[in-house]
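Record features (Swiss-Prot):
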- 1-24: region 'Disordered' (REGION)
- 7-24: compositional bias 'Acidic residues' (COMPBIAS)
- 84-119: coiled coil (COILED)
- 180-214: coiled coil (COILED)
- 214-332: domain 'Nop' (DOMAIN)
- Cys246: site 'Interaction with U4 snRNA' (SITE)
- His269: site 'Interaction with U4 snRNA and U4atac snRNA' (SITE)
- Arg288: site 'Interaction with U4atac snRNA' (SITE)
- Arg292: site 'Interaction with U4 snRNA and U4atac snRNA' (SITE)
- Lys297: site 'Interaction with U4 snRNA and U4atac snRNA' (SITE)
- 333-356: region 'Disordered' (REGION)
- 350-363: motif 'Nuclear localization signal (NLS)' (MOTIF)
Amino acid sequence: MSLADELLADLEEAAEEEEENLIDEDDLETIEEVDEEMQVDLNAESVKSIAKLSDSKLFSEILLKIEGYIQKQPKASEVMGPVEAAPEYKVIVDANNLTVEIENELNIIHKFIRDKYSKRFPELESLVPNALDYIRTVKELGNNLDKCKNNENLQQILTNATIMVVSVTASTTQGQQLTDEELERIEEACDMALELNQSKHRIYEYVESRMSFIAPNLSIIVGASTAAKIMGIAGGLTNLSKMPACNVMLLGAQRKTLTGFSSTSVLPHTGYIYHSEIVQSLPSDLHRKAARLVSAKCTLASRVDSFHENPEGKIGYDLKEEIERKFDKWQEPPPVKQVKPLPAPLDGQRKKRGGRRYRKMKERLGLTEIRKQANRMSFGEIEEDAYQEDLGFSLGHLGKSGSGRIRQAQVNEATKARISKTLQRTLQKQSVVYGGKSTVRDRSSGTASSVAFTPLQGLEIVNPQAAEKKVAEANQKYFSSMAEFLKVKSEKSGTMTQ
C-alpha cells in the first residue's frame, strides 16, 4: 500500500468516527421546526379567520374521546401485547400532538392580540413578556387603564412589583382609545386563548393519568407529562425503545425561535428531557450532563415498558434512585484537603565543632606558624619574586629578612595540661629521696652531655659535670682532710709564724 492510500484510509476512518458522533438525518426530523415569523393577517376582522384549531373537527373529536376514556378507568391486566395495538393509545398519541398544535395556536393568538392592543397600551408588551399573562392582563384592563390600581383580579395574574410598574406606565402612555369593534375582537381572541389553554391542561391531565398503565417505569423517571411528549414525538413506545439515548435526548428540540423573542436563551440540542423537572432541579452547569444520564435511563425504562415486563414500576424506581444518587454525588462539595504532617527531617552526620578530639584534630591539621608567615603579605610592599625570577609560590613574610628571632609558640592556658597539687608534692618527694642531688651524689649520669651552639666554635659537646669537678679541685686545697699548715715568713721581723 502506498503512502497516499494509507492517508486516504486514515481520513476514511476519521470520517466514520465523526459520523458516529453526529445525528442521523432521519433523527433530525424529530426536531421541531418553528417558523421564524408568524404569518398573521393584521387586517383580519376576527381571530377565527387566522386561528382555526378550536373550530376544527379533529379538535372536537379528540376532546370527546378523552371525555369518554376518562369515565372508564383501565386495569393493568387489560394492557396486553404491544402498546400501539390498544385503541386508547392512539388517542393518547393524538392528544400529545394536539397539545403542540395548541401551543402554536396560542402564539398566533398572542401576536394578534399584541398587535391590536398596542394601539391602546404599546408599553404593555415589554412589561409583561409571558403570553398567557399578557392575554389575561389585556382582558382585565380592556379600554380602561385605571383598573391597574387596586385590582384584586390583576393581583392573581401579575406580581405586585409588575402591577406597580404597569400602573405608572399606564398613566403616562401615549396610546389611543379603542373602538367598540376593536375591543370586541380583542376580547374574543382572549376568550379563545384561555379556552385553548384550559383544553391543553385537560389533555395533560388525561395523558398523565394513562401513562401509569402504558409506560409506568418511564413515567416514574421523567414524569407522566414528559413521558407522553417524548412517546408522541418518537411515534410510539416501540419506536422509542429502539432509539439510542443520544437521540432520545433531542426529542422535542426546536431549531429556531419565535419572532420577538431573544435567541440567547435558546439552547441547541435540548429537548423535553432537558426541560423536565428532574433535570431543571439541578444547577444550570449540570443540566446537560443530567440530561444525558436521564435520557440513557429513559431508554432502558422504555424497553422494559414495551414488553410489559414490570407493570408495577419497580425498575423505574430503581433507575430513578440511581439517578438521584449520581445527582447527589455530583453536587457533593470537594473533599477537605487533608493536612499532612511534615516529614521527619533526615538527620545526617552533624559537624562536631567542639570537644577534646576535635581540638586535637584541629591542632594536628591546623596551619603552622611557618605556613601562616608564608601566606601573609604586606600591603604596598613589593615581593621578592614579583618579576617571576623564582618558580613556585611566594614565600610572603617568610622569605623576608627580619630580626632573626623565632617567636615562641603561644601556650593556650585554657588547653594547657595541668597536674594536681597532690601529684606535685608526690613528685617533689620522689626527686628528693630517690633522685635528689646532694654533695655526695648527683642524679645525672656520668655519660650525660649537652649540645651547645656558640658563635666561635660552632658545635660543642659539653660535659655537664666538668664545672663541678673544677669546683671540687679548688675546694681540696683548703678544705681537704690531708691539708697541712702553711708557714708564713715576715720580711720585717724575719720571724716565722705558724
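Glycine residues also receive a Cβ, built from the backbone N, Cα and C atoms like all the rest.
Values in this document were obtained by computation on a predicted structure and should not be read as measured data.
Mapped onto this structure are the features recorded in Swiss-Prot.
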residue: His269; record: site 'Interaction with U4 snRNA and U4atac snRNA'; Cβ contacts under 8 Å, 6 or more apart: Met249, Leu250, Ala253
residue: Arg288; record: site 'Interaction with U4atac snRNA'; Cβ contacts under 8 Å, 6 or more apart: Thr270, Tyr274
residue: Arg292; record: site 'Interaction with U4 snRNA and U4atac snRNA'; Cβ contacts under 8 Å, 6 or more apart: Ala245, Cys246, Met249
residue: Lys297; record: site 'Interaction with U4 snRNA and U4atac snRNA'; Cβ contacts under 8 Å, 6 or more apart: Ile221, Leu319, Lys320, Glu322, Ile323
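Every protein chain considered, the tally of other Cβ atoms within 10 Å of the Cβ of Cys246 (site 'Interaction with U4 snRNA') stands at 17. Within the same chain, residues 45-48, 51, 53-54, 59, 62-63, 66, 69-70, 74, 76, 79, 83, 86, 88-89, 92, 95-96, 98-99, 102-103, 105-106, 109-110, 112-113, 116-117, 119, 132, 135-136, 138-139, 142-143, 223-225, 227-228, 231, 237, 305, 311, 313 sit at least 6 positions outside the coiled coil (180-214) and bring their C-beta atoms closer than 8 Å to a C-beta of that stretch.
Remark: secondary structure over the region 'Disordered' (333-356) totals 1 helix, 0 strand, 23 coil, with classes taken from DSSP.
Note on the domain 'Nop' (214-332): DSSP counts are 73 helix, 1 strand, 45 coil. Averaged over the coiled coil (84-119), the predicted model reaches a pLDDT of 84.
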